Amino acid sequence: MFKLNGTVFMPSVLTLVGIPGLESVQAWIGIPFGAMYIVALFGNSLILVIIKSEHSLHEPMYLFLAMLGATDIALSTCILPKMLGIFWFHLPKIHFDACLLQMWLIHTFQSIESGILLAMALDRYVAICDPLRHATIFTHQLLTQIGVGVTLRGALLVAPCLILIKCRLKYYWTTVVSHSYCEHMAIVKLAAEDTRINKIYGLFVAFSVLGFDIIFITVSYIQIFITVFSLPQKEARLKAFNTCIAHICVFLEFYLLAFFSFFTHRFGFHIPPYIHILLSNLYLLVPPLLNPIVYGVKTKQIRDRASKIFHSKDAS
């Protein structure tokens, strides 16, 4: 790494600031973030154990939930250990290639999570709107194909972002990243070269993944609501609607945070930098925290199984 005309040529190491403007209180901010990480790990691991051990839960809805839990564990683990290292142990340095790997993993897992939420919406759509065909459509083979498909979609769509940075951008104004993790735009903004292609492709990935998924999820739930409200019996309407409440809560929580983070980062020029970073952190940390809580509270089978586990420990 050497400097040329005030720029840095192909830096080998980057420095993550953490939360710009809040450096003096980052150690305190790390406490709730660390607590959120521990709760997310415990909650999602518990969901995975319950679904694996309870044969009656080996159904599409719960298997998709297991995929979501595994993705949440992976996503939060990509971010929190390094972030807490910055906040608590003053370890801001990260190798450039490691930073690109973290960026690729984070955005890939975000895409996978969005794809799983779409699959869960389609599962509820078929279960409520065409229940007689649900078992024949959502087979274990289809679930495997969906899991592989959403993983490949995320990995392959995000990979060019990494390649475009590595191959196109050689000169950087600085090696200091004003972020608490390696985010695509945070790295691109460091470059002292033309970054239009990088920005355009980043927008393409964001809208092709989130835009595509949110359209089909919305259409699925509109059809579900039409079907539910056309049921003649009130009890049947309530039962059908109750199976969707947890999905709707998770869907709103994930996409509302996603859009707030996305638009403030790109268009909120008058918003303080620490607000951008806090929103980005919450977008990645809150869903893994809330998803097991929402499903644990709203899904009777999981709630009952969890209570059995804890009661059996108390009895022993």
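Glycine is no exception: its Cβ is also placed from the backbone N, Cα and C atoms.
Residues or ranges marked as transmembrane segment in TrEMBL: 27-51, 63-89, 101-122, 142-165, 200-228, 240-262, 274-297. Taken from TrEMBL, the feature domain 'G-protein coupled receptors family 1 profile' applies to 43-295.
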So if I exclude everything within five residues of the ends of the transmembrane segment (240-262), which remaining residues of that chain have a CB under 8 angstroms from its CBs? That is, six or more out. 61, 68, 110, 113-114, 117, 120-121, 124, 127-128, 206, 210, 214, 217, 221, 224, 227-228, 231, 276, 279-280, 282-283, 286-287, 290-291, 294-295, 297-299
Given the transmembrane segment (101-122), which of the listed stretches 63-89, 142-165, 200-228 has the most Cβ pairs that are under 8 Å apart from it? 142-165
